[in-house]
Amino acid sequence: MANDYVSTVLLLLSLLIFLSQRTDSASIVKSLPGFDGPLPFELETGYIGVGEEEEVQLFYYFIKSERNPQEDPLLLWLSGGPGCSSISGLLYENGPVNVKIEVYNGTLPSLVSTTYSWTKVSSIIYLDQPVGTGFSYSRTKLVNKPSDSGEAKRIHEFLHKWLGKHQEFSSNPFYVGGDSYCGMVIPALVQEISKGNYVCCKPPINLQGYILGNPSTENEVDINYRIPYAHGMALISDELYESMKRICKGKYENVDPRNTKCLKLVGEYQKCTKRINKALIITPECVDTSPDCYMYRYLLTTYWANDENVQRALHVNKGSIGEWVRCYFEIPYNHDIKSSVPYHMNNSIDGYASLIFSGDHDMEVPYLGTQAWIRSLNYSLIDDWRPWMIGDQIAGYTRTYANKMAFATIKGGGHTPEYKPEESYIMFQRWISGQPL
């Protein structure tokens with residue numbers, strides 16, 4: 001009898017632990033450690049379980065529009081990597097708070113309000129994906145490692161479950177956005193949602209379009225365009241560039257080992273650019289432990305996100321992850337989409353709007369390569385190359401294509417929106433409102 005009682009108690013305790021870490025938990029966060037006073041916006045955090053057994057627990061941050069959440073667009077924002085936490089988007093790129101940049105003294109870093117949050121005109125879901133990123137985790141060992149196409153399916157499942165629990169947003173115009181490596185996943189996700197709306201999944205998601213910043217599209221092409229970009233930005237000489245064009249014939253990545261002359265020239269190019277910060281070429285290449293380094297904010301974020309009180313406030317499941325890492329590049333991952341261009345083509349044919357933007361000082365994914373794959377779609381122009389303005393100042397350049405695709409540069413911008421927050425916000429606000437840039 002005693003043994004039966006003990007067994008029953010242990011079973012109940014196990015069940016309680018399971019339920020406490022079970023899927024589809026959501027909590028309202030009214031304050032955050034490091035931020036002075038109550039949050040001036042509505043924040044919800046939680047997990048949505050995906051997979052056959054809901055073994056994958058995807059963590060999200062949801063911030064309601066500060067204007068009119070009942071009618072404003074709903075945006076899903078993904079960070080790149082793969083393996084970079086969506087906290088990158090929330091704290092640096094387009095969210096309503098940021099880490100205060102000050103020398104770390106052993107106490108919790110502070111958070112401050114931002115001026116140009118995209119939540120002024122849209123509600124945003126920031127999602128940690130793939131599993132193993134940020135606060136997302138798996139309750140069991142995965143049978144298959146994450147992949148580009150697999151993530152499109154998982155995120156689609158996440159969205160249906162999230163909207164099922166937030167039905168008040170099911171009729172809002174829905175958009176997907178992200179930058180960097182998300183250029184491989186988001187076009188496939190848009191296609192997955194579009195197909196699901198017709199084939200399997202009710203109610204349909206009110207998908208209207210997508211926005212991508214400095215998006216990866218095809219790895220070899222993206223890298224090959226770094227050479228003409230470096231030449232245009234005076235990082236390599238005319239002579240070296242002309243020699244590379246002639247001998248390498250435009251192929252600078254995965255060079256044929258028999259082409260020793262090309263390999264030598266590529267080596268010369270690398271000597272000229274190895275100390276360049278490719279994310280924003282006008283900033284120093286530096287280590288994040290130096291307070292003078294731009295990336296110091298990432299170190300402060302690591303201290304903040306690993307604090308027990310912060311994780312408690314965010315309602316992170318205790319013990320679900322080890323150390324929080326902003327970008328975990330060691331996630332086992334299958335890069336099974338070699339080019340996202342066909343997905344862009346299909347999404348345009350299906351009538352979805354898209355804005356592709358490039359910081360013109362990004363060398364990770366140079367705007368030259370982005371323009372090249374857009375040209376390959378052979379869309380007719382409806383508004384040719386022109387400056388877009390903020391007040392009387394040029395903020396960048398833009399052109400608009402048929403099939404609802406627009407391209408824009410951000411003058412002086414880098415790999416992500418964080419480097420030019422005002423310009424990025426105004427660009428987004430105009431596009432999401434249906435206005436010309």
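Count begins at 1; order follows the chain as displayed.
Even glycines carry a Cβ here, placed using N, Cα and C.
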(message) Taking Swiss-Prot as the reference, CYS262 is linked by a disulphide to which residue in CYS248, CYS286?
(response) CYS248
(message) Quick check: of the recorded positions listed here (ASN105, SER180, CYS248), which one has the Cα closest to that of ASN346 (N-linked glycosylation site)?
(response) SER180
(message) So if I measure Cβ to Cβ from CYS84 (disulfide bond) and keep only same-chain residues at least 6 apart in sequence, which ones fall under 8 Å?
(response) THR133, SER180, TYR181, ARG326, CYS327, TYR328
(message) Rank the glycosylation sites ASN346, ASN378 by how many other Cβ atoms lie within 10 Å of each Cβ and give me the one with the fewest.
(response) ASN378
(request) With a 10 Å radius around each C-beta, find which of these disulfide-bonded residues (CYS248, CYS286, CYS293, CYS327) has the fewest other C-beta atoms nearby. (result) CYS286
(request) Within 10 Å of HIS415 (active site) by C-alpha distance: pick out those among the recorded positions ASN105, CYS262, ASP362, ASN378, and say none if nothing qualifies. (result) ASP362
(request) To the nearest whole angstrom, state the Cα distance for the pair CYS248 (disulfide bond) and CYS293 (disulfide bond). (result) 36
